[in-house]
């Protein structure tokens with residue numbers, strides 16, 4: 001209790017101290033008058049009573065009637081309007097309590113203004129002249145319809161549509177009984193349409209009724225109930241979009257019945273099989289491109305899909321118009337593509353041709369992909385190259401293309417069949433005759449069998465000189481390959497540069513006479529003709545003519561090489577490689593050069609032939625005896641033709657022998673060139689005569705002539721030389737199976753050509 005009193009006394013003392021501190025001038029000039037008014041500093045007079053506030057722990061002036069009167073006088077609420085500067089702690093509370101009535105005072109006036117606007121909206125409306133697009137038409141026929149009225153008024157402008165119902169804003173007025181009164185209202189989209197209708201439609205007649213057009217004026221007739229008025233469309237964006245749609249330049253829909261969208265899609269079946277894409281997935285792109293090119297002929301393609309997993313091989317093509325799809329169906333239905341007859345039909349709009357991949361198929365595909373990733377880089381490259389080659393083989397332009405209808409394709413097949421039947425008998429006859437001629441020429445001479453037995457085997461299987469392996473004519477294969485590597489290149493170059501046969505013959509003769517080896521030039525010619533022309537009929541004719549020229553040079557070069565070897569020894573190595581003694585001495589040198597040549601198999605045989613001379617002579621004798629018996633049967637058939645050609649060739653041989661003798665005496669090279677050129681011209685003239693006689697079988701006769709010349713030259717060579725054993729020794733037993741194999745291969749090729 002005592003503590004409370006002390007606290008109260010301390011507060012009182014503090015308040016007195018503050019009052020003394022700020023209230024020193026109470027007795028001075030600022031002292032208020034006896035009326036108790038506060039001084040200029042706003043301090044209360046000394047006679048103001050105070051009371052203790054227990055809650056706030058402070059002294060406050062005691063509120064009495066005098067205090068309230070003074071407070072009101074200070075804040076302008078007195079009757080006389082006098083203001084005072086008295087302030088108090090309760091001023092703020094009193095002011096906030098008095099302010100709300102002041103703010104609420106103007107509310108009744110605002111409410112009245114708002115009420116007035118609403119009343120204005122509920123009344124009649126007025127349309128401005130500039131925005132009035134309505135036209136009132138009177139004098140219409142009583143039997144007119146809404147559609148006819150719309151058609152009439154649309155000639156002068158675009159009629160506005162209702163944004164909610166999307167119907168034209170036109171109206172035909174009716175009387176109480178529901179009959180048309182003969183007047184109507186039309187609302188245009190633009191103001192310019194109103195002026196146009198007034199100018200053109202006014203005073204016009206329809207079915208004898210004269211029309212009158214004016215701008216619509218809206219007047220209130222009777223009582224107007226605003227509650228029944230339709231609500232305004234506040235969706236201005238929808239209204240604006242509809243107006244823009246009416247103002248654009250898109251053509252109107254056709255009056256006829258519109259076709260469905262799914263009629264634009266064409267479904268094509270039996271285009272492929274899903275198994276076709278497993279080996280080469282790129283075939284899918286080729287088929288898609290072929291289909292796009294073909295379907296673009298019928299119209300604009302919007303979308304093209306291939307359902308590669310569908311077992312029926314389905315493809316869908318979407319066109320812009322249904323008419324284009326109809327044209328595509330009419331054209332493609334029943335046609336052939338890639339060996340399959342396809343079907344084309346319109347899509348029903350519901351069938352889904354997409355085939356989803358099963359879980360098992362997905363696992364297999366992922367397993368194959370994982371195996372591909374784990375495979376080494378080399379195998380990947382091989383697979384890529386195989387896929388590329390496969391795609392090239394199955395290109396769209398070669399393997400797959402659209403063919404005509406079945407009737408047309410059958411007619412084409414018949415025409416091609418008749419063409420093949422017409423050509424095949426000619427080819428068979430030519431091939432048969434050339435084969436028979438080759439066999440006959442091989443049996444013309446018995447003495448030549450020992451020397452050219454491997455050559456005959458090759459010629460039996462290869463009368464047309466189509467393969468390099470089956471055309472070794474002599475036993476000197478090693479020396480031939482060596483000479484070819486040294487001097488074969490100029491011969492080839494001369495033949496390729498000059499398209500004429502005579503220039504080729506001269507170049508070949510000159511080379512053969514310089515080197516003293518005709519056999520080498522024959523092999524070169526065989527290889528060159530095979531590389532340049534290939535296994536065709538033209539190459540057969542060229543080879544036969546060239547070989548006949550080479551035999552002439554062969555006869556001369558063989559005799560000259562044997563004689564020059566006796567005189568000069570080892571001085572003319574390159575010119576006398578056809579001789580026997582030089583081959584014995586230079587076996588090792590030839591083997592090294594043979595490794596660089598193209599025919600490595602026959603070159604190895606040449607080295608073995610030198611070592612087995614005696615054994616090979618006996619075996620060649622036996623082989624030649626067997627062949628003589630077989631070839632005697634063919635000798636009689638073409639005896640007449642071969643005799644005539646042999647006479648011509650003997651005359652050529654004599655001229656060549658004279659050229660050889662001149663070469664031994666001096667300036668052998670220059671004279672040999674001149675003689676060979678002269679003889680070659682004679683041979684060319686003789687061949688032109690033969691070509692004129694037998695144009696159809698020119699190829700066969702050239703082959704027969706070739707074989708006769710070779711046999712006669714070899715026969716004469718053996719007559720002049722006593723070294724048959726040595727020459728025959730160059731063809732070893734190992735050449736027999738090789739030649740037989742090559743002849744088998746070539747005979748199979750001939751069969752293929754016949755087919």
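Just so you know, glycine gets a Cβ as well, placed from its N, Cα and C.
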Which candidate in 241, 397, 607, 747 appears in Swiss-Prot with the annotation phosphoserine? 607
Between 83, 258, 713, which does Swiss-Prot record as phosphoserine? 713
Among 40, 359, 503, 557, find the residue to which Swiss-Prot assigns the annotation phosphoserine. 557
Within 10 A of the CB of residue 297 (N6-acetyllysine), the number of other CB atoms across every chain shown is 9
